[in-house]
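Step one of this worksheet: look at the structure below.
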Number of protein chains: 2
Amino acid sequence: MPGEFDFIRTYLSERQTSRQDVNLALGDDCAIVCPPPNARIALSTDTLVGGSHFLLSAAPELVAHKALASNLSDLAAMGARPAWMSLALTLPEIDENWLRPFFDAFFALADDYGIQLIGGDTTKGPLSISLTVQGFVPQDKALLRSGAKAGDWLYVTGKLGDSKAGLDVILDPTLRGQPFASELEKRHFLSTPRVEFAQGLLGIASSAIDISDGLLADLQHILERSCVGASIDVSLLPYSEQMAAFVGERDIACQYALTSGEEYELCFTVPEQYKAYVDSQLAQETELHCIGKIESQGHLKLHDSGQPIDWQLSGYDHFKAS
Amino acid sequence: MPGEFDFIRTYLSERQTSRQDVNLALGDDCAIVCPPPNARIALSTDTLVGGSHFLLSAAPELVAHKALASNLSDLAAMGARPAWMSLALTLPEIDENWLRPFFDAFFALADDYGIQLIGGDTTKGPLSISLTVQGFVPQDKALLRSGAKAGDWLYVTGKLGDSKAGLDVILDPTLRGQPFASELEKRHFLSTPRVEFAQGLLGIASSAIDISDGLLADLQHILERSCVGASIDVSLLPYSEQMAAFVGERDIACQYALTSGEEYELCFTVPEQYKAYVDSQLAQETELHCIGKIESQGHLKLHDSGQPIDWQLSGYDHFKAS
């Protein structure tokens with residue numbers, strides 16, 4: 001590590017109150033942590049590459065939020081409580097004007113979720129942010145992709161499609177004149193990982209995934225791992241008024257809701273016996289939408305209030321692949 | 001993740017026998033692992049950037065070895081037993097001719113050390129390999145940088161300097177005519193992390209670090225964290241005949257031994273009471289050299305069989321900074 005990078009070590013130290021279960025963080029060959037008795041540890045790694053996952057001109061605080069939120073969302077998708085993380089940061093140069101807002105936003109979000117930075121590596125090279133996050137799940141209770149059964153109800157949290165609309169604006173500045181363009185652009189970066197909510201799904205949901213590649217693509221992972229099919233009623237898809245105004249047409253709004261990636265909302269399935277509980281209790285504090293049902297057939301079907309949609313014709317397939 | 005990257009997922013699955021403590025690896029939002037009761041987990045992250053830490057033309061199997069070995073060496077430096085790892089791999093393209101030898105070498109070394117790949121992320125971008133490795137240390141027994149005391153003896157494993165000589169050859173192909181050039185080039189990549197040996201240091205060594213930045217620089221970390229000084233007798237520095245022949249002069253060979261990075265040998269300190277045990281028992285199976293002593297003064301001094309060396313004049317300082 002070149003000497004100039006030493007300052008980062010100083011810069012990162014004592015930014016967070018140490019968790020009780022962290023024996024040693026930053027500054028030795030390894031960090032040392034002490035998991036609780038009988039803990040199951042959930043672990044996920046996600047990398048954002050500058051110029052590929054975000055424009056190099058993107059605001060550093062937004063990049064920091066996106067990098068950490070996308071990782072926290074993976075923990076949420078398992079029902080895990082965040083605990084520790086390590087950061088592999090590759091930088092073309094030491095630019096304090098970039099690093100300061102980056103780390104301010106990074107640690108602010110980390111503190112909100114009780115996750116401590118315990119290790120990492122800073123190297124010189126093309127900008128890249130890779131995080132490995134860890135959290136705890138109760139034994140045999142993790143929310144897997146593989147537990148959905150025919151007859152289960154299909155839910156999503158929040159609203160879908162804003163992230164894709166925001167990305168449109170980022171990639172094509174001529175769209176800045178469209179309604180709510182700047183608001184949608186921010187929403188592309190500023191998701192809220194559903195960590196707290198997911199705790200309530202433990203023992204209730206039969207499967208879960210976070211929406212990072214788009215609802216259709218991510219639901220497909222559940223269907224494959226669970227060996228089931230599903231049907232979605234597109235008339236029940238939740239999307240924001242802002243996104244609807246931005247894209248202008250209902251059909252396109254539905255397409256956006258189905259295919260928008262990097263939403264970091266949860267898609268999950270609920271057995272019939274727990275549906276009333278989910279609708280009455282869990283829906284009180286978090287926006288939830290029941291959008292369809294798991295079926296025994298190994299396919300994903302769309303309908304519009306009962307009218308079948310041929311998605312080959314409707315263009316959904318094109319969006320799915322894009 | 002672009003569709004073409006899907007093949008990597010397939011390519012990585014079922015390459016290793018699953019450890020008993022891995023409940024779920026690869027293929028869900030998170031991996032899930034189950035640490036042993038009362039375990040302390042040691043964790044380290046190291047990134048190798050293509051074009052910076054290795055030439056883009058380097059053989060993929062050598063790059064794989066270097067990436068994993070450097071991380072295993074961090075576990076060794078704490079006295080930790082390797083358990084799990086996650087890999088953040090950024091690739092400019094999917095080149096099976098590169099990936100196949102890379103992963104063959106990667107998994108061969110991983111299996112040698114009993115460490116399982118449980119998660120990761122593959123992204124498109126400039127070549128970069130970031131690993132987060134985890135292992136177990138007995139409670140309160142980890143080898144830290146902070147435990148050295150005045151009077152302790154200073155040891156290193158193996159021989160030092162080959163890695164720097166090999167790097168010379170890599171960076172300046174006109175040196176290929178020098179004695180042992182191609183052998184030293186390979187040694188730059190093919191270190192042997194001292195994982196097994198480090199187990200024997202638990203409860204014996206008062207501090208330890210692995211030599212990644214060069215003996216002088218890494219020992220300095222021990223001295224700073226332990227608030228002590230040290231003296232090294234350069235006449236006791238271990239180096240290979242091949243390196244000595246390559247550089248041609250004894251003084252330069254000593255400089256290489258003092259400053260060569262990426263050696264992944266261990267530097268450790270031993271209290272007087274354990275010296276006989278280390279010399280008689282531990283030295284039986286692993287090459288060990290006692291090269292100096294920890295002192296109460298907060299400086300690092302060099303001497304040559306008792307003759308003080310002024311390292312400002314001798315050029316050591318230049319090497320240290322390079």
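The backbone N, Cα and C atoms fix where each Cβ goes, glycine too.
A TrEMBL annotation is a machine prediction, not a hand-curated record.
What TrEMBL records for A:ASP29, A:ASP74, A:ASP210 is Mg(2+) 3 binding site. Residues or ranges marked as Mg(2+) 4 binding site in TrEMBL: A:ASP29, A:SER44, A:ASP74. What TrEMBL records for A:THR45, A:ASP46, A:ASP121 is Mg(2+) 1 binding site. Here TrEMBL flags A:ASP46, A:ASP74 as Mg(2+) 2 binding site. According to TrEMBL, the feature substrate binding site maps to A:HIS53, A:GLU262, A:TYR316. Per TrEMBL, ATP binding site is recorded for A:GLY120, A:ASP121, A:ARG145, A:SER212. According to TrEMBL, the feature Mg(2+) 5 binding site maps to A:ASP213. The domain 'PurM-like N-terminal' annotation in TrEMBL covers A:27-137. According to TrEMBL, the feature domain 'PurM-like C-terminal' maps to A:149-303.
For the binding-site residues A:THR45, A:ASP46, A:GLY120, A:ASP121, A:GLU262, a Cα-Cα cutoff of 10 angstroms around A:ASP210 (Mg(2+) 3 binding site) retains A:GLU262. The binding-site residues recorded for this entry are A:ASP74, A:ASP121, A:SER212, A:GLU262, and the Cα of A:ASP74 lies nearest to that of A:SER44 (Mg(2+) 4 binding site). In this structure, A:SER44 (Mg(2+) 4 binding site) is part of a beta strand by DSSP. For A:GLU262 (substrate binding site), the spatially nearest entry among the binding-site residues A:ASP46, A:ASP121, A:ARG145, A:ASP213 is A:ASP213, judged by CA separation. Those binding-site residues from A:ASP46, A:GLY120, A:ARG145, A:GLU262 lying by chain B, with Cβ under 8 Å from one of its Cβ atoms, are A:ASP46, A:GLY120, A:ARG145. By the criterion of other Cβ atoms within 10 Å of the residue's own Cβ, the least surrounded of the binding-site residues A:ASP46, A:ASP74, A:ASP121, A:ASP213, A:GLU262 is A:ASP213.
In sequence order, A:ASN71, A:SER130, A:LEU131, A:THR132, A:VAL133 are the residues of the chain that are 6 or more apart from A:THR45 (Mg(2+) 1 binding site) and have a CB within less than 8 Å of its CB.
Closest by Cα distance to A:ASP121 (Mg(2+) 1 binding site), from the binding-site residues A:ASP29, A:ASP74, A:ASP213, is A:ASP29. DSSP assigns the residue listed as 'Mg(2+) 5 binding site' to coil in the three-state reduction, outside any helix or strand.
The CA atom of A:ASP46 (Mg(2+) 1 binding site) is located 9 Å away from the CA atom of A:ASP74 (Mg(2+) 3 binding site). Less than 8 angstroms from the CB of A:HIS53 (substrate binding site) sit A:THR47, A:LYS66, each of them six or more residues away in the same chain.
Separating the Cα atoms of the residue listed as 'Mg(2+) 5 binding site' and A:ARG145 (ATP binding site) is a whole-number distance of 15 Å.
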